[in-house]
C-alpha cells in the first residue's frame, strides 16, 4: 500500500535524517519569528545556537540544508538583508575562490601525493619515525595545500592497502565487501585487528599534522585567508606573524606524536604486522614494474607544478584562488585530462562546502546587524591589552572545538576589526589579536571532529568503519594533542607573541601597515 502524501513529504524532508532531528528543525523555524517579534537580540543568539547545533550534528545531516533553511528564514523575517549577505560574500570572494579552485587544483596532483605517502609507509620500518614522518608530511603539505585534500589522499592510501590485505586474508581475489570479515580465519583476524590499530594511529597523526601545518600559513585553512585579508597580510607576513605561536606549538605537537607512540597511550603504538608489510611490498613492487613512461612523466609534471604552487604563494604572484586555477589548467593540460566530466569530478569535494560557507556569511550578517557579539567584545576590551590576547584565544578555542573554524574565525576577526576602526584598540593591538584569533580558532579545534573539517571528513569516509574509528575513539585519540596544542598555544600567546613580534619589527622583517 502506498504511503500518504503527508508521510511522503515527511520522508523527503531532510531525507535519512532522524525524525527527532527533523522535528527539532521545524520547531526552530516556527519559534524564531515569534522570538524575533519579542526580542531581536535573543532571536539572533538563538539562531547562532541553532546553527552551531546543525554543525555539531553534521553526521545526521550535512549542515548546508538545515543551516540554509535557517539562513533563508532569517533574511525573510528581517534579521538581516539579502544585500548585506551579498556584501559579506563579496568581501570574502578570495576565500570562495580558494575553495573552488585550489581544492580542485590539488585533486589533479593526487597521484604525486599518493606516491609520497606510499613510499613513506613502505620505506620506514620504525613506527615512531613513520608516525613522525606522516605528521610532518601532512603538516608541510597542509601549509600549502587544502587540508581536506591531504587527508583524502592519506585515506586513499589507507583504503587501498587495507583492501589489498583484506583480499589476501579472505582468500578471495574479487573481495569487494571490505566490511565482511566472515571469510577470514581466526589467525588472520588477529593480524587484521593489529593492522586496523596501526592505520587508526597513522590517520590521527596525519589529521593532527594538517592542523599543525594549516595554522601556519594564510592558505592552510579557509579562515586563515579571511584573517589575513582583514589584517592586510600576504603569505610571508602571515607566516612570520604566526610563528611566535605556531613554531613552538609545532615542536610540542611533534614531541607529543613521539611520546604517545613510545608509551602506547590513547590507542597509539600499534606497529605494522610483518605479514601485512610483505603483502603490501609485493603489491607495490608489481605496481612499480607496471608503471609506464607516461605515468612517470605525470609524476614529474605534478612535482614541477607543486614547485610552481609554493613559489607563486610565497611571492604572492596572484590571489590564492587564481593560483589554484592556474594549477588546474597546468595539471590537466600536461597530464592529458581533457574530458569535461573528468575535470568536473575535481569540484565535487569543494562545492558543497563553498555553498555552506556562503550560508556562514548569512549568519555573520545577522550577527553584525543584531550586534550579537558586542557585549562579549566589550567585556574583553575592558581587560588590559595583554589579557585581551589570552581572552580572545580562549573564547575562540571554546567555540571552535564544537563549531566550524571558518564560522568562528570570521565572527571574531570582524568584531576585532570593528573595534580597531572605532578607536577602541590600536592597530598594533589589532594585529596581535588577529594572531590570537587565528591560533585560537585552529589549535583547540582538534578536540572534536566538529571543529576540524579534516577530522569530520575522515569520520564520514569509507575508511572509518573499516578501521573501527568511531566519534568517541577519535575524540579519545585526539585528547593528548588537544591538551598539548591548546595549552602550548595559550602559553605562547601569553608570553612569546608580543615580545617576539616586537623583535621582528625591530629587525625590519615585519611592519605595521
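Please read every residue number as a count from 1 along the shown chain.
Each Cβ is built from the backbone N, Cα and C atoms, and glycine gets one as well.
In Swiss-Prot this protein carries:
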type	residues	note
TRANSMEM	23-43	transmembrane segment
TRANSMEM	52-72	transmembrane segment
TRANSMEM	97-117	transmembrane segment
TRANSMEM	120-140	transmembrane segment
TRANSMEM	144-164	transmembrane segment
TRANSMEM	202-222	transmembrane segment
TRANSMEM	238-258	transmembrane segment
TRANSMEM	303-323	transmembrane segment
TRANSMEM	348-368	transmembrane segment
TRANSMEM	391-411	transmembrane segment
TRANSMEM	447-467	transmembrane segment
TRANSMEM	475-495	transmembrane segment
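With respect to Cβ pairs under 8 Å, the transmembrane segment (120-140) is most closely packed against 238-258, considering the stretches 23-43, 238-258, 348-368, 447-467. Comparing 144-164, 238-258, 475-495 for CB pairs under 8 angstroms to the transmembrane segment (348-368), the maximum falls on 144-164.
Taking residue pairs at least 6 apart in sequence, the transmembrane segment (52-72) and the transmembrane segment (303-323) share fewer than three C-beta contacts under 8 angstroms. Same-chain neighbours of the transmembrane segment (23-43): 14, 50, 53-54, 66, 69-70, 73-74, 77-79, 370-372, counting only residues six or more beyond its ends whose CB sits under 8 Å from a CB of the stretch. Listed by sequence, the residues of this chain that lie at least six past the ends of the transmembrane segment (447-467) yet keep a Cβ under 8 A from its Cβ atoms are 55-56, 58-59, 147-148, 150-152, 155, 158-159, 162, 178-179, 196, 199-200, 203, 207, 210-211, 353, 400-405, 474-475, 478-479, 482, 486.
The stretch from 52-72, 97-117, 144-164, 238-258, 391-411 that makes the most Cβ contacts under 8 Å with the transmembrane segment (475-495) is 238-258. Contact between the transmembrane segment (144-164) and the transmembrane segment (238-258) does not hold: fewer than three of their C-beta pairs are under 8 Å, each pair 6 or more apart in sequence. When the stretches 52-72, 97-117, 238-258 are ranked by Cβ pairs under 8 Å to the transmembrane segment (391-411), first place goes to 52-72.
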